[in-house]
Protein chains: 2
Amino acid sequence: MVRVLGIDPGLTRCGVGVVEGVPGRPGKLIAYHVVRSEPDEDISQRLLHLDRRLAELVALHRPESVAVERVFSQHNARTVMGTAQASAVAILAGSRAGLPVQTYTPSEVKAAVTGSGTADKAQVTAMVTRLLKLDAPPRPADAADAIAIAICHIWRGGTRARIQAAALAAARRSSR
Amino acid sequence: MVRVLGIDPGLTRCGVGVVEGVPGRPGKLIAYHVVRSEPDEDISQRLLHLDRRLAELVALHRPESVAVERVFSQHNARTVMGTAQASAVAILAGSRAGLPVQTYTPSEVKAAVTGSGTADKAQVTAMVTRLLKLDAPPRPADAADAIAIAICHIWRGGTRARIQAAALAAARRSSR
(Lines of atoms letter the chains of each structure in order from A and count residues from 1; the text may use other names and numbers.)
(Lines give C-alpha, C1' and ligand atoms only; values in the text may rest on other atoms or scores of the structure.)
Protein backbone atom coordinates (compact mmCIF):
# COMPACT_ATOMS: atom_id res chain seq x y z
CA MET A 1 0.00 0.00 0.00
CA VAL A 2 1.39 3.37 -1.01
CA ARG A 3 0.02 6.89 -0.58
CA VAL A 4 0.73 9.25 -3.48
CA LEU A 5 0.06 12.98 -3.81
CA GLY A 6 -0.53 13.84 -7.46
CA ILE A 7 -0.25 17.41 -8.71
CA ASP A 8 -1.64 18.91 -11.93
CA PRO A 9 0.40 22.13 -11.96
CA GLY A 10 -1.17 25.48 -12.76
CA LEU A 11 -0.97 29.03 -11.47
CA THR A 12 -4.67 29.90 -11.63
CA ARG A 13 -5.82 26.42 -10.60
CA CYS A 14 -3.44 23.74 -9.32
CA GLY A 15 -5.07 20.33 -8.79
CA VAL A 16 -3.96 18.08 -5.94
CA GLY A 17 -5.16 14.49 -5.49
CA VAL A 18 -4.20 12.02 -2.77
CA VAL A 19 -4.68 8.33 -3.52
CA GLU A 20 -3.75 5.20 -1.60
CA GLY A 21 -3.37 1.90 -3.36
CA VAL A 22 -1.37 -0.97 -4.76
CA PRO A 23 -0.51 -1.61 -8.42
CA GLY A 24 -3.34 -3.15 -10.46
CA ARG A 25 -6.04 -2.56 -7.83
CA PRO A 26 -8.63 0.25 -7.91
CA GLY A 27 -7.17 2.30 -5.03
CA LYS A 28 -8.81 4.66 -2.56
CA LEU A 29 -9.26 8.42 -2.79
CA ILE A 30 -8.03 10.11 0.39
CA ALA A 31 -8.66 13.76 -0.56
CA TYR A 32 -8.50 16.28 -3.33
CA HIS A 33 -7.92 20.02 -3.41
CA VAL A 34 -7.56 22.87 -5.85
CA VAL A 35 -5.13 25.68 -5.00
CA ARG A 36 -6.17 28.90 -6.72
CA SER A 37 -4.63 32.29 -7.33
CA GLU A 38 -5.81 35.35 -9.23
CA PRO A 39 -4.25 36.20 -12.62
CA ASP A 40 -4.03 39.89 -11.69
CA GLU A 41 -2.03 39.18 -8.54
CA ASP A 42 1.73 39.67 -8.50
CA ILE A 43 3.62 36.58 -9.71
CA SER A 44 5.76 36.47 -6.55
CA GLN A 45 2.61 36.37 -4.38
CA ARG A 46 1.00 33.70 -6.58
CA LEU A 47 4.04 31.43 -6.40
CA LEU A 48 4.40 32.01 -2.65
CA HIS A 49 0.74 31.15 -2.04
CA LEU A 50 1.06 27.93 -4.08
CA ASP A 51 4.31 27.04 -2.29
CA ARG A 52 2.72 27.46 1.15
CA ARG A 53 -0.49 25.59 0.32
CA LEU A 54 1.36 22.64 -1.24
CA ALA A 55 3.71 22.45 1.77
CA GLU A 56 0.63 22.38 4.04
CA LEU A 57 -1.03 19.64 1.98
CA VAL A 58 2.12 17.50 1.99
CA ALA A 59 2.35 17.93 5.79
CA LEU A 60 -1.37 17.14 6.17
CA HIS A 61 -1.55 14.01 3.98
CA ARG A 62 1.98 12.64 4.54
CA PRO A 63 2.33 10.92 1.15
CA GLU A 64 5.20 8.51 0.45
CA SER A 65 5.82 10.08 -2.93
CA VAL A 66 4.76 12.95 -5.15
CA ALA A 67 3.81 12.70 -8.85
CA VAL A 68 3.66 15.80 -11.07
CA GLU A 69 2.41 16.21 -14.63
CA ARG A 70 5.19 17.25 -16.98
CA VAL A 71 4.76 20.54 -18.85
CA PHE A 72 5.51 20.88 -22.56
CA SER A 73 6.33 24.01 -24.48
CA GLN A 74 3.90 23.15 -27.29
CA HIS A 75 0.99 24.18 -25.04
CA ASN A 76 -0.59 27.65 -25.23
CA ALA A 77 2.41 30.00 -25.19
CA ARG A 78 0.65 32.55 -22.97
CA THR A 79 -0.03 30.12 -20.13
CA VAL A 80 2.87 27.71 -20.53
CA MET A 81 5.38 29.86 -18.62
CA GLY A 82 3.05 30.09 -15.62
CA THR A 83 2.41 26.34 -15.78
CA ALA A 84 6.16 25.65 -15.92
CA GLN A 85 6.68 27.93 -12.91
CA ALA A 86 3.86 26.17 -11.01
CA SER A 87 5.41 22.79 -11.88
CA ALA A 88 8.70 23.90 -10.29
CA VAL A 89 6.84 24.81 -7.09
CA ALA A 90 5.02 21.45 -7.21
CA ILE A 91 8.25 19.47 -7.65
CA LEU A 92 9.91 21.45 -4.82
CA ALA A 93 6.94 20.71 -2.53
CA GLY A 94 7.95 17.05 -2.77
CA SER A 95 11.73 17.28 -2.83
CA ARG A 96 11.88 19.81 0.02
CA ALA A 97 9.89 17.37 2.15
CA GLY A 98 12.46 14.68 1.31
CA LEU A 99 10.01 12.71 -0.84
CA PRO A 100 10.73 11.03 -4.18
CA VAL A 101 9.20 13.03 -7.04
CA GLN A 102 8.28 11.53 -10.39
CA THR A 103 6.99 13.38 -13.45
CA TYR A 104 4.63 11.93 -16.09
CA THR A 105 3.60 13.23 -19.48
CA PRO A 106 -0.12 13.96 -20.03
CA SER A 107 -0.37 10.99 -22.41
CA GLU A 108 1.22 8.62 -19.88
CA VAL A 109 -1.40 9.69 -17.35
CA LYS A 110 -4.29 9.36 -19.81
CA ALA A 111 -3.07 5.95 -20.99
CA ALA A 112 -2.71 4.71 -17.42
CA VAL A 113 -6.28 5.47 -16.39
CA THR A 114 -8.24 5.18 -19.66
CA GLY A 115 -6.07 2.91 -21.81
CA SER A 116 -5.70 5.68 -24.40
CA GLY A 117 -3.01 8.37 -24.49
CA THR A 118 -5.35 10.69 -26.39
CA ALA A 119 -8.37 10.51 -24.04
CA ASP A 120 -10.11 13.84 -23.34
CA LYS A 121 -10.73 15.44 -19.93
CA ALA A 122 -14.27 14.01 -19.71
CA GLN A 123 -12.98 10.45 -20.25
CA VAL A 124 -10.27 10.91 -17.61
CA THR A 125 -12.82 12.27 -15.12
CA ALA A 126 -15.24 9.39 -15.88
CA MET A 127 -12.54 6.72 -15.41
CA VAL A 128 -11.24 8.29 -12.19
CA THR A 129 -14.81 8.34 -10.83
CA ARG A 130 -15.32 4.68 -11.79
CA LEU A 131 -11.91 3.39 -10.67
CA LEU A 132 -12.16 4.98 -7.23
CA LYS A 133 -15.92 4.18 -6.89
CA LEU A 134 -16.80 7.83 -6.23
CA ASP A 135 -20.41 8.97 -5.80
CA ALA A 136 -19.80 12.00 -8.03
CA PRO A 137 -17.06 13.10 -10.44
CA PRO A 138 -14.34 15.24 -8.79
CA ARG A 139 -14.72 18.91 -9.75
CA PRO A 140 -13.10 20.90 -11.25
CA ALA A 141 -11.33 18.85 -13.93
CA ASP A 142 -7.93 19.92 -12.53
CA ALA A 143 -8.71 17.86 -9.42
CA ALA A 144 -9.64 14.80 -11.53
CA ASP A 145 -6.39 15.19 -13.48
CA ALA A 146 -4.36 15.34 -10.26
CA ILE A 147 -6.08 12.17 -9.00
CA ALA A 148 -5.33 10.48 -12.36
CA ILE A 149 -1.64 11.42 -11.98
CA ALA A 150 -1.57 9.78 -8.53
CA ILE A 151 -3.24 6.62 -9.91
CA CYS A 152 -0.76 6.60 -12.82
CA HIS A 153 2.14 6.74 -10.36
CA ILE A 154 0.82 3.88 -8.23
CA TRP A 155 0.31 1.65 -11.25
CA ARG A 156 3.50 2.59 -13.07
CA GLY A 157 5.44 2.22 -9.84
CA GLY A 158 4.05 -1.30 -9.63
CA THR A 159 5.13 -2.07 -13.19
CA ARG A 160 8.61 -0.75 -12.46
CA ALA A 161 8.76 -2.80 -9.25
CA ARG A 162 7.73 -5.97 -11.15
CA ILE A 163 10.30 -5.31 -13.89
CA GLN A 164 13.00 -4.77 -11.27
CA ALA A 165 11.94 -7.94 -9.42
CA ALA A 166 11.95 -9.92 -12.70
CA ALA A 167 15.40 -8.55 -13.62
CA LEU A 168 16.69 -9.46 -10.18
CA ALA A 169 15.23 -12.97 -10.42
CA ALA A 170 16.78 -13.43 -13.90
CA ALA A 171 20.15 -12.22 -12.58
CA ARG A 172 19.91 -14.70 -9.70
CA ARG A 173 19.06 -17.60 -12.05
CA SER A 174 21.95 -16.81 -14.39
CA SER A 175 24.43 -16.58 -11.51
CA ARG A 176 23.58 -20.02 -10.15
CA MET B 1 21.48 53.27 -0.53
CA VAL B 2 19.81 49.98 -1.44
CA ARG B 3 21.21 46.46 -1.71
CA VAL B 4 19.72 44.36 -4.51
CA LEU B 5 20.21 40.69 -5.33
CA GLY B 6 19.81 40.16 -9.08
CA ILE B 7 19.13 36.70 -10.52
CA ASP B 8 19.58 35.52 -14.11
CA PRO B 9 17.56 32.30 -13.87
CA GLY B 10 18.83 29.06 -15.39
CA LEU B 11 18.91 25.40 -14.41
CA THR B 12 22.41 24.59 -15.64
CA ARG B 13 23.86 27.97 -14.66
CA CYS B 14 21.97 30.51 -12.54
CA GLY B 15 23.72 33.87 -12.17
CA VAL B 16 23.45 35.84 -8.93
CA GLY B 17 24.79 39.39 -8.52
CA VAL B 18 24.63 41.60 -5.42
CA VAL B 19 24.93 45.35 -5.96
CA GLU B 20 24.60 48.27 -3.58
CA GLY B 21 23.79 51.74 -4.84
CA VAL B 22 21.51 54.69 -5.39
CA PRO B 23 19.69 55.63 -8.62
CA GLY B 24 21.90 57.35 -11.21
CA ARG B 25 25.20 56.60 -9.48
CA PRO B 26 27.64 53.83 -10.51
CA GLY B 27 27.00 51.52 -7.51
CA LYS B 28 29.20 48.97 -5.82
CA LEU B 29 29.53 45.24 -6.51
CA ILE B 30 29.19 43.27 -3.27
CA ALA B 31 29.48 39.73 -4.67
CA TYR B 32 28.53 37.46 -7.52
CA HIS B 33 27.92 33.73 -7.77
CA VAL B 34 26.87 31.11 -10.27
CA VAL B 35 24.74 28.20 -9.04
CA ARG B 36 25.22 25.17 -11.25
CA SER B 37 23.52 21.81 -11.72
CA GLU B 38 24.12 18.97 -14.13
CA PRO B 39 21.68 18.40 -17.03
CA ASP B 40 21.70 14.63 -16.41
CA GLU B 41 20.62 15.04 -12.79
CA ASP B 42 17.01 14.50 -11.77
CA ILE B 43 14.88 17.66 -12.16
CA SER B 44 13.69 17.46 -8.54
CA GLN B 45 17.30 17.41 -7.30
CA ARG B 46 18.30 20.29 -9.60
CA LEU B 47 15.45 22.50 -8.39
CA LEU B 48 16.12 21.58 -4.76
CA HIS B 49 19.81 22.43 -5.10
CA LEU B 50 19.00 25.81 -6.67
CA ASP B 51 16.37 26.49 -4.00
CA ARG B 52 18.82 25.78 -1.18
CA ARG B 53 21.71 27.76 -2.67
CA LEU B 54 19.54 30.82 -3.39
CA ALA B 55 18.11 30.73 0.15
CA GLU B 56 21.69 30.61 1.48
CA LEU B 57 22.76 33.56 -0.70
CA VAL B 58 19.75 35.65 0.37
CA ALA B 59 20.57 34.89 4.02
CA LEU B 60 24.26 35.67 3.44
CA HIS B 61 23.89 38.97 1.59
CA ARG B 62 20.66 40.27 3.22
CA PRO B 63 19.42 42.26 0.20
CA GLU B 64 16.48 44.69 0.55
CA SER B 65 14.95 43.42 -2.68
CA VAL B 66 15.33 40.77 -5.36
CA ALA B 67 15.24 41.36 -9.13
CA VAL B 68 14.74 38.47 -11.57
CA GLU B 69 14.97 38.39 -15.35
CA ARG B 70 11.64 37.52 -16.95
CA VAL B 71 11.51 34.44 -19.16
CA PHE B 72 9.79 34.40 -22.53
CA SER B 73 8.41 31.47 -24.45
CA GLN B 74 10.01 32.61 -27.70
CA HIS B 75 13.40 31.40 -26.44
CA ASN B 76 14.83 28.01 -27.36
CA ALA B 77 11.92 25.62 -26.72
CA ARG B 78 14.22 22.91 -25.32
CA THR B 79 15.65 25.07 -22.55
CA VAL B 80 12.77 27.49 -21.92
CA MET B 81 10.86 25.15 -19.62
CA GLY B 82 13.90 24.68 -17.39
CA THR B 83 14.53 28.43 -17.38
CA ALA B 84 10.89 29.08 -16.42
CA GLN B 85 11.18 26.54 -13.60
CA ALA B 86 14.42 28.14 -12.40
CA SER B 87 12.75 31.58 -12.50
CA ALA B 88 9.99 30.29 -10.19
CA VAL B 89 12.65 29.11 -7.71
CA ALA B 90 14.41 32.49 -8.01
CA ILE B 91 11.20 34.47 -7.36
CA LEU B 92 10.36 32.21 -4.39
CA ALA B 93 13.84 32.79 -2.93
CA GLY B 94 12.87 36.45 -2.56
CA SER B 95 9.20 36.17 -1.61
CA ARG B 96 9.80 33.39 0.93
CA ALA B 97 12.33 35.66 2.64
CA GLY B 98 9.66 38.38 2.79
CA LEU B 99 11.46 40.57 0.23
CA PRO B 100 9.87 42.54 -2.62
CA VAL B 101 10.54 40.81 -5.95
CA GLN B 102 10.54 42.61 -9.27
CA THR B 103 10.94 41.06 -12.73
CA TYR B 104 12.49 42.76 -15.77
CA THR B 105 12.55 41.78 -19.42
CA PRO B 106 15.96 41.15 -21.02
CA SER B 107 15.60 44.34 -23.11
CA GLU B 108 14.77 46.45 -20.04
CA VAL B 109 17.98 45.19 -18.42
CA LYS B 110 20.09 45.78 -21.54
CA ALA B 111 18.63 49.26 -22.04
CA ALA B 112 19.27 50.18 -18.40
CA VAL B 113 22.99 49.35 -18.45
CA THR B 114 23.99 49.96 -22.10
CA GLY B 115 21.35 52.39 -23.35
CA SER B 116 20.24 49.85 -26.00
CA GLY B 117 17.60 47.15 -25.59
CA THR B 118 19.30 45.03 -28.25
CA ALA B 119 22.85 45.04 -26.81
CA ASP B 120 24.67 41.69 -26.90
CA LYS B 121 26.19 39.80 -23.96
CA ALA B 122 29.67 41.25 -24.58
CA GLN B 123 28.34 44.82 -24.42
CA VAL B 124 26.42 44.10 -21.20
CA THR B 125 29.55 42.55 -19.62
CA ALA B 126 31.70 45.51 -20.76
CA MET B 127 29.27 48.10 -19.34
CA VAL B 128 28.87 46.22 -16.03
CA THR B 129 32.67 46.10 -15.70
CA ARG B 130 32.96 49.82 -16.44
CA LEU B 131 30.00 50.99 -14.32
CA LEU B 132 31.16 49.10 -11.24
CA LYS B 133 34.87 49.89 -11.87
CA LEU B 134 35.85 46.21 -11.79
CA ASP B 135 39.43 45.09 -12.47
CA ALA B 136 38.19 42.27 -14.72
CA PRO B 137 34.87 41.36 -16.35
CA PRO B 138 32.69 39.05 -14.24
CA ARG B 139 32.77 35.49 -15.59
CA PRO B 140 30.77 33.63 -16.78
CA ALA B 141 28.35 35.90 -18.67
CA ASP B 142 25.45 34.65 -16.49
CA ALA B 143 27.06 36.44 -13.54
CA ALA B 144 27.43 39.69 -15.54
CA ASP B 145 23.75 39.43 -16.55
CA ALA B 146 22.69 38.97 -12.93
CA ILE B 147 24.72 42.04 -11.92
CA ALA B 148 23.11 44.01 -14.78
CA ILE B 149 19.65 42.99 -13.49
CA ALA B 150 20.54 44.31 -10.03
CA ILE B 151 21.82 47.61 -11.52
CA CYS B 152 18.64 47.87 -13.64
CA HIS B 153 16.51 47.45 -10.51
CA ILE B 154 18.40 50.14 -8.57
CA TRP B 155 18.09 52.63 -11.42
CA ARG B 156 14.54 51.80 -12.38
CA GLY B 157 13.54 51.89 -8.74
CA GLY B 158 14.98 55.37 -8.63
CA THR B 159 13.04 56.40 -11.72
CA ARG B 160 9.86 55.01 -10.19
CA ALA B 161 10.59 56.81 -6.92
CA ARG B 162 11.16 60.10 -8.79
CA ILE B 163 7.94 59.65 -10.80
CA GLN B 164 6.02 58.91 -7.61
CA ALA B 165 7.60 61.94 -5.87
CA ALA B 166 6.78 64.17 -8.88
CA ALA B 167 3.18 62.88 -8.96
CA LEU B 168 2.88 63.50 -5.24
CA ALA B 169 4.30 67.03 -5.58
CA ALA B 170 1.90 67.77 -8.47
CA ALA B 171 -1.03 66.49 -6.43
CA ARG B 172 0.04 68.72 -3.54
CA ARG B 173 0.31 71.76 -5.81
CA SER B 174 -3.12 71.17 -7.37
CA SER B 175 -4.77 70.73 -3.96
CA ARG B 176 -3.47 74.02 -2.63
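The backbone N, Cα and C atoms fix where each Cβ goes, glycine too.
Here TrEMBL flags A:D8, A:E69, A:D142 as active site. Summarising the annotation, TrEMBL assigns Mg(2+) 1 binding site to A:D8, A:D142. Residues annotated as Mg(2+) 2 binding site in TrEMBL: A:E69.
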10 Å Cβ neighbour count around A:D8 (active site)? 29
Between the C-alpha atoms of A:E69 (active site) and A:D142 (active site), the distance in angstrom, to the nearest integer, is 11
For A:D142 (active site): intrachain residues, at least 6 apart, with Cβ closer than 8 Å: A:D8, A:G10, A:R13, A:C14, A:G15, A:V34
When you measure from the Cβ of A:E69 (active site), how many other Cβ atoms are you left with inside 10 Å? 25
